[in-house]
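Below is one structure, written out as structure tokens; comments come after it.
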Amino acid sequence: VLLVVYVGYVGLGAGVLQALERPAEARAAQHLLRQRWELLANHTCLRGPALQRLIEGIVQAYKSGITLQGNTTSLGRWDFSGSFFFSISAITTIGYGNLSPSTAAGRIFCILFALFGIPLNLVLLNEIGQLMLLGVQHCAHRLEEAFHLQKIASLLIKTSALVTGSLLFLLLPPLLLSDKEGWSYEEGLYYSFITLSTIGFGDYVIGMSPERNYPGWYKNVISLWILFGMAWLTLVIKLCINFLE
């Protein structure tokens, strides 16, 4: 029965996403084709295969963190702050997919780094989560002693922890993201949940716009937010698991 419910839930998600996203995908594909044919028609010196190779080269360069700016290229995704953020996304298993090692040595190191880093990250998240849980339980115990209402005190504290965590880790961070990235609030909220849940689609990633100047502390603050936000969301997911079970 659980397997049937699971498959049905996934099927429902697939159907809704197909209905919502398929038309936009078709429009984007038609727009891209129109642009290609217009470019070839307006610049007869261009040839289709050569243009295709150039497009593929630009896409590959962008994946490696290189963008064209006039007659120069921009670097910076593999500076220390960028590498630090990549390391966080690797061992937290977010894996945005927008940046990855391109050298054989880098890939081998990434395997070894993640092999030991993922368990270390899980242990740390568990410890942070336990500290959060102990804090909630301590507050609940103090309320129980003060008002002698065990169930109400426990419910009140859990609700307060849920609301406070939602503000700190989901509802307020999009304001910072909107300011630094130029995203809408909805895009920032979407990025926050996709990141903290370790889904990590990679369609929105911080610090990737070559037109923006990011402060040095920005990625470090986001890294700390990811760490504590994941610990909080893990507790919420555990509550959901207990409820479903």
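Yeah, the Cβs are placed from backbone N, Cα and C, and that goes for glycine too.
No curator has checked TrEMBL annotations; they are predicted automatically.
Values in this document were obtained by computation on a predicted structure and should not be read as measured data.
Summarising the annotation, TrEMBL assigns domain 'Potassium channel' to 74-132, 164-244. The N-linked glycosylation site feature in TrEMBL is assigned to Asn71. The annotation transmembrane segment is assigned in TrEMBL to 80-99, 105-125, 155-177, 189-209, 221-244.
In terms of DSSP secondary structure, the domain 'Potassium channel' (74-132) contains 41 helix, 1 strand, 17 coil. Model confidence over the domain 'Potassium channel' (74-132) is summarised by a mean pLDDT of 86. Under DSSP, the residues of the domain 'Potassium channel' (164-244) split into helix, strand and coil as follows: 56 helix, 0 strand, 25 coil.
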